[in-house]
Structure formats: structure tokens, C-alpha cells
Amino acid sequence: MGSQATTYHMAMYPWFGVGHLTGFFRLANKLAGKGHRISFLIPKNTQSKLESFNLHPHLISFVPIVVPSIPGLPPGAETTSDVPFPSTHLLMEAMDKTQNDIEIILKDLKVDVVFYDFTHWLPSLARKIGIKSVFYSTISPLMHGYALSPERRVVGKQLTEADMMKAPASFPDPSIKLHAHEARGFTARTVMKFGGDITFFDRIFTAVSESDGLAYSTCREIEGQFCDYIETQFQKPVLLAGPALPVPSKSTMEQKWSDWLGKFKEGSVIYCAFGSECTLRKDKFQELLWGLELTGMPFFAALKPPFEAESIEAAIPEELKEKIQGRGIVHGEWVQQQLFLQHPSVGCFVSHCGWASLSEALVNDCQIVLLPQVGDQIINARIMSVSLKVGVEVEKGEEDGVFSRESVCKAVKAVMDEKSEIGREVRGNHDKLRGFLLNADLDSKYMDSFNQKLQDLLG
């Protein structure tokens, strides 16, 4: 069993969030590349959305799961893209109700190990049927170390905002901390029920602490100290699959966007995008656009229509439309983000700090402005701005979390000014990190190590 040629049969059952499904499937492809067989458990009508990403169809097979009906859950809903954000707890409740089906499937498949995330009941189920369980996270280990560390947990004591504003006592980088408004949101999650009668905080803590091992898509060069901290705190082996970098796009940019970007000089355009699931309030949406306008630079903003507005057009004040005519585009549909970030005219990326978006930014030349909205995005922003110093975060009010057009403009100008101390620092750090991430041997090195640690775990 300890030979290098040993291969295993693995099951994967990720949370029904789009980013979680694609993140797990990326790992499935990497493991299949090492010869392992993967059974990927997925809602039956969602399977078609991942089939085109299957690089090893002879080793990766889909196992359809029927999502149970739950009162309040839209009929046919299978992923987070099918339900409004306030209803995602119902989707979690539905996933929890698949427990008996999952037990039957895993017994029938005769797998050696199951990878999971939000299903906190899977480790005990796995032990019951004699297989190992590995918690695989699509978010940063720093997030788990900061928010979930066992040294934070005192029996009978509720975590407060003040607790969450500072790092745990033995955290490796005490300079990383939360602002008051951010700590308030994190503290709320410690009491917020998420699927049945369990809080989101307790669900994830149980999922992590009951596992046989923890796995992350990162590398020691970026988050090594936080991985060591988690390994010590949870007393679990930590497996690193290497950073989740974007696969080079084989498509070409739409001609209309290529023509528009081509009108501007190299490195002069701001590209702003907040992902497929982030919707801003109308006042924030407008303030962000006013901030981009205030820079005096051309910009392309790919944003969803805000709350309280039926369309992008209806959300933009007439005065702003006049000011940005010819040098600013606000687009409400999907665009080829990788191709925008690669375009020579784009010099700055204003991001909501989703990890996939930041990974795309890190392997390109554009400078990074960080404007996180919720949850792990906040921690991602601290990694980029405080730990790695490769970007600048937009300043917000300590208590209310509100940003201004002036703070947006200030952050953009800071990274775009090559002569300023901040501009030189983030550019230099970004250049070094990009060179490291683009090393052709990086992925194989980490997957060799991941494979060996997995063999050690499975015996």
C-alpha cells in the first residue's frame, strides 16, 4: 500500500455552491492525473455543467444525486445559483437530507476516501463504513485559522465582536485583523442557523475537527505559516494541492471589447468586476462608479444590476453617464475576465476578492485594488494587502463598512503610481509572486507531495 504506484478510489461530495463544485472538480482532475479513480457526487441536472471540464473521463465518473424537496426551496433548485442568498440554508437542509442515500452510495462504490466540505455528518458516516474522510476547502486556510481555531473556543462562552476583531493568541500573523463591521458579520455566523438546528460556525468547525485530514488549494510559499498553525491547532495532517490557477483560455475576446480597449494606451484602463453572485446596493453601486470616474482613467465595470434597480441603465445617474461617455463602460452581462486581465491596455483590477478572481489577477500584470464584500473575501483581501502586500484595499468606515468615491479613487491611484512608495512595493511583490506562480513545475511538485501525504493517510 505504501508504493508510489498505489492508486485509490475516491468519492467527492461538495456543497452545492457553484464555486465549490468547480473547485472540487479541479482537484478531481489533478488526482485523476495521478491515476486515481474519482466518483463525483453531484445533483443530477447539474452534471451537464461540469462534463466539459472532465479531462479524464475514463477515471472520473459522475454519480447523480436527487436533491430532496424542502418547504420554501424552489422546485428543481440544485445549486446556489438557483436560489436567492437568504434561502441557501434551505439548500443546505436539503443536502443534509441526502445522508442515507450517501451512505448507500459510498458502501456500493467501495471507495477508500471521501472528500467533502459542508456536510459535517460525513466524517462519522465514513468511520461507520470503514473509510477515511478529508475536509477539502475551496477557501483560504488563513480563514479557518483565524475564525475557527480551537483556541478561540471556550465552553459556555459566546464569541464577541471584540474577540473576532483580533487574531487568536498564537496566530502566526497578529497584524491580520478584522474591522468592527466585519467582526460583526463573522460573529453573527456563530449564532446563525444554517441547515437544520446547527449554526454555520458549528457546522464548519465540526466538519474540520472530525475529519481524518484537511486539504487546501494553496502553497506553502503563500500560506505556509497558516497551514502549520491549522495543523497544530486541529492535530490533523494538512495536504496542499498547490494554488488553484486559471487554465489558459483558448477563446478570443469579443471584437467590440477588443476594439474599445485598443483605443487606450498600455496599462491605462481600470477593469472592475465583482463576480457572478455579488449584487451591490444601489448606493454602493453608484459610489463605486463615481470613484472610478474620479480617477480620470478609462474603465470597464462588469457588474450585476444592483438591488433596487431593474437594469444597469436605470441604476446609473444621468450626470454620471455624461461624464463617462467615451471612456467608461458599465456592463451587466458576463465577460471573458481572463482575457480582459491579459489585455495590454488593462493596468488595474478592482476586485471583490473572490479567490478565483484574485488568482487570475496574480498571474497577470495588472495591479490589484481590493474591495471585499463578505466572508472569506475579507480574509482574502487581508492576505493580499497585509500578508503578501501585492494590492491595496479600499478604505471603509470602521463601524459602518461604508466606502466613498474618494477612497476608491485613492486606492486605484496608489497602485497605478509607479513613483509612489506603495506603488513600487505592490508592483515589486506582485512581479515576484507572478514569476513563482507561473513556474511550470509548481503544480506537479505540489501534487506529488499531496499524493504522498494521501498515501500516508490511507495507509
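Note: Cβ is positioned from N, Cα and C throughout, glycine not excepted.
Per Swiss-Prot, active site, proton acceptor is recorded for His20. Neighbour count (other Cβ atoms within 10 Å of the Cβ, all protein chains): 19 for His20 (active site, proton acceptor).
Here Swiss-Prot flags Asp117 as active site, charge relay. The Cβ of Asp117 (active site, charge relay) lies under 8 Å from the Cβ of Pro14, Trp15, His20, Phe24, Phe135, Tyr136, Ser137, Thr138, Ala207, each of these being in the same chain and 6 or more residues away along the sequence.
If you look up Swiss-Prot, you'll see His20, Gly375 marked as anthocyanidin binding site. Here the Cβ of Gly375 (anthocyanidin binding site) has 17 other Cβ atoms within 10 Å, regardless of which shown protein chain they belong to. Taken residue by residue with DSSP, Gly375 (anthocyanidin binding site) is part of a helix.
For Thr138, Val335, Gln337, His352, Trp355, Ser357, Glu360, Asp376, Gln377, the entry in Swiss-Prot reads UDP-alpha-D-glucose binding site. Packing around Gln377 (UDP-alpha-D-glucose binding site) is summarised by its Cβ count: 23 other Cβ atoms lie within 10 angstroms of its Cβ, all protein chains included.
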> Using the residues the record lists for UDP-alpha-D-glucose (Thr138, Val335, Gln337, His352, Trp355, Ser357, Glu360, Asp376, Gln377), what whole-number Å value is the largest Cα to Cα distance?
Replying inline: 24
> In Å, rounded, how far does the Cα of Glu360 (UDP-alpha-D-glucose binding site) sit from the Cα of Gly375 (anthocyanidin binding site)?
Replying inline: 20
> Roughly how many Å separate the Cα of Gln337 (UDP-alpha-D-glucose binding site) from that of Gly375 (anthocyanidin binding site), to the nearest whole number?
Replying inline: 22
>> Cα-Cα, whole number of Å: Gly375 (anthocyanidin binding site) versus Trp355 (UDP-alpha-D-glucose binding site)?
In response: 12
